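Novice: Structure below; questions to follow.
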Amino acid sequence: MMFWRKLPKALFIGLTLAIAVNLLLVFSSKGTLQNLFTGGLHRELPLHLNKRYGAVIKRLSHLEVELQDLKESMKLALRQQENVNSTLKRAKDEVRPLLKAMETKVNETKKHKTQMKLFPHSQLFRQWGEDLSEAQQKAAQDLFRKFGYNAYLSNQLPLNRTIPDTRDYRCLRKTYPSQLPSLSVILIFVNEALSIIQRAITSIINRTPSRLLKEIILVDDFSSNGELKVHLDEKIKLYNQKYPGLLKIIRHPERKGLAQARNTGWEAATADVVAILDAHIEVNVGWAEPILARIQEDRTVIVSPVFDNIRFDTFKLDKYELAVDGFNWELWCRYDALPQAWIDLHDVTAPVKSPSIMGILAANRHFLGEIGSLDGGMLIYGGENVELSLRVWQCGGKVEILPCSRIAHLERHHKPYALDLTAALKRNALRVAEIWMDEHKHMVYLAWNIPLQNSGIDFGDVSSRMALREKLKCKTFDWYLKNVYPLLKPLHTIVGYGRMKNLLDENVCLDQGPVPGNTPIMYYCHEFSSQNVYYHLTGELYVGQLIAEASASDRCLTDPGKAEKPTLEPCSKAAKNRLHIYWDFKPGGAVINRDTKRCLEMKKDLLGSHVLVLQTCSTQVWEIQHTVRDWGQTNSQ
């Protein structure tokens, strides 16, 4: 084997030719001699010649065999060489990707070793961003601060991405009339990421039958984001080249707030039905038909789809279960349990009557105008959906959730355009209370811990809205509570509320303490609801956020009887179990339990901090921030 590999190529070729020539001569000679010996002439040869030629023929035969063996050896050597070459090639082909993979792994290891987690405490990177370089992390975090969601990821996702169909399977069996009203979709935005708006538009176009979708109207409430100017205009032109006249954009010259932006879109709409949406949404399949069919059945109904949630960090969709939209006495929105009347229908596709709506709604365009559209006096954000819901219910319409219409809504981690919405929420809540809540409006003041008189909050001129209420001959808020939202329970026995201080140290206030937990504490005074206290003429002392609902209980200050420290117990349960929850109190006086006769007081612990105790009454007295009617002396601290 090694011998053949070492032969020079020219020598190898020459040797091969020589052997071939010799073989030809041998065979030729052998043939001649054989012919002479056994040929057709059959001549007799002398004996010595006969022997001589026989020996030659024998030798030639041996030589032929040897040469044949040599030829076979050469063939075998060549085949072995080919096998070796083939094996080497195959080995190289197999090893090459392994070596490449090992090299890649080494590079990745080096890469990970050099990368740092630049923002270990950022909520953006809890479940996302493991493979980002440091430069990518910085870019993603900057966009997160700017928009309140993962705009970096949004910019990489397809605009026409697929999201899970979250409808109940029975919704897929429903059929709708072939003739349905036309639809105007209104998208409200301020300083959204461009890719978010584009994805909303794309989902609407792709998942709404073109015969139903008349227009998409974008309302920009004075964005400062540069890409929402020229770049957005260019995108709209591209959409309109493919779908002529479908998209329109209206830009406010100044910030007007959510309610007025929705009114701007409504005023520009021309279809039979308007759907007013946030721009950070993706509509799901079959979202429009249930809306249009229901409004075609009843023009006085305001409807809302079911929300699903798009996570702010991963953009994954979380399915939300069907619920109705409610609110508390601060007019904060929330989800409430489904009404028993709907459950008894045994039809999961049926519309659900709801006390309120969230931020997305659809309505007959003319009916929405007849009842006054949205209250343009609501500023910035908050309460406008509750105001509309109260007006619709009290003025002859109804509000419903449609189980078979679903929209995915992108949650924000924070609202960068308004980091503190408290002032706007308070102001808007008082405006709603003054217009629509009649003798129960005080509950909003109590919940927000605002003085009933001289609140110092300007909620705007409400005369035109009061005139509208009179014109529409609207029902009372008491009717609404009894017939639509019996969950809310107004209270009329509260005579003192707000922060409560012991005059030993007016820098600390009574506080509900850690949650979960039921131990009240003394803590540095602040304006959050954990320090709200509500004293009733009947003797209860609520501590913490005011609930005043049928399905949940406020927490009452309780004397446990033997222990030194007071507790907070659910009022309804405590009353049922005859716990010591009733107190005598007047502003500037002691707080005395009616049963145990012990006083609520405070003392310093070993660390010098004030702690609450129940003990024999000394000279300690308490003040409460606000009083109602003629109870005690009016205070405002």
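Yeah, the Cβs are placed from backbone N, Cα and C, and that goes for glycine too.
Just lifted these from Swiss-Prot, have a look:
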TOPO_DOM  1-6  topological domain 'Cytoplasmic'
CARBOHYD  Asn85  N-linked glycosylation site
CARBOHYD  Asn107  N-linked glycosylation site
CARBOHYD  Asn160  N-linked glycosylation site
DISULFID  Cys171-Cys404  disulfide bond
REGION    180-294  region 'Catalytic subdomain A'
BINDING   Asp221, Arg255, Arg412, Tyr417  substrate binding site
REGION    351-412  region 'Catalytic subdomain B'
DISULFID  Cys395-Cys474  disulfide bond
DOMAIN    496-634  domain 'Ricin B-type lectin'
DISULFID  Cys509-Cys525  disulfide bond
DISULFID  Cys556-Cys571  disulfide bond
DISULFID  Cys599-Cys617  disulfide bond
Novice: What mean pLDDT score does the region 'Catalytic subdomain A' (180-294) have in the model?
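Specialist: On average, pLDDT over the region 'Catalytic subdomain A' (180-294) sits at 98.
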Novice: Between the Cα atoms of Cys474 (disulfide bond) and Cys404 (disulfide bond), what distance do you get, rounded to the nearest Å?
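Specialist: Checking the Cα atoms of Cys474 (disulfide bond) and Cys404 (disulfide bond) gives a distance of 31 Å.
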Novice: Which whole number of Å gives the largest C-alpha distance between any two of Asp221, Arg255, Arg412, Tyr417, the residues noted as binding substrate?
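Specialist: Farthest-apart Cα atoms in Asp221, Arg255, Arg412, Tyr417 are separated by 20 Å.
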Novice: Could you tell me which of these binding-site residues, Arg255, Arg412, has the greatest number of Cβ atoms within 10 Å of its own Cβ?
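Specialist: Buried the deepest by this measure is Arg255.
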Novice: Could you give me three numbers for the region 'Catalytic subdomain A' (180-294), the DSSP helix, strand and coil residue counts?
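Specialist: Counting residues per DSSP class in the region 'Catalytic subdomain A' (180-294), I get 48 helix, 29 strand, 38 coil.
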Novice: In Å, rounded, how far does the Cα of Asn160 (N-linked glycosylation site) sit from the Cα of Arg412 (substrate binding site)?
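Specialist: Computed Cα spacing between Asn160 (N-linked glycosylation site) and Arg412 (substrate binding site) is 21 Å.
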Novice: Please list, for the region 'Catalytic subdomain B' (351-412), how many residues fall into helix, strand and coil according to DSSP.
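Specialist: Secondary-structure composition of the region 'Catalytic subdomain B' (351-412): 17 helix, 20 strand, 25 coil.
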Novice: At the Cα level, what's the spacing in Å between Cys599 (disulfide bond) and Arg412 (substrate binding site), rounded?
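Specialist: The separation of the Cα atoms works out to 47 Å.
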Novice: Where's the emptiest Cβ shell within 10 Å among the disulfide-bonded residues Cys171, Cys474, Cys509, Cys617?
Specialist: Cys617
Novice: Output the one of Cys525, Cys556, Cys571 that, of all these disulfide-bonded residues, has the highest number of other Cβ atoms within 10 Å of its Cβ.
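Specialist: Within the set of disulfide-bonded residues, the most crowded position is Cys556.
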Novice: Using DSSP, what's the helix, strand and coil tally for the domain 'Ricin B-type lectin' (496-634)?
Specialist: 9 helix, 56 strand, 74 coil
Novice: About how far apart, in whole Å, are the alpha carbons (Cα) of Arg255 (substrate binding site) and Cys395 (disulfide bond)?
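Specialist: Per the Cα atoms, Arg255 (substrate binding site) and Cys395 (disulfide bond) stand 30 Å apart.
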Novice: What is the one among the disulfide-bonded residues Cys395, Cys404 whose Cβ has the most other Cβ atoms less than or equal to 10 Å away?
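Specialist: Neighbour-count leader: Cys404.
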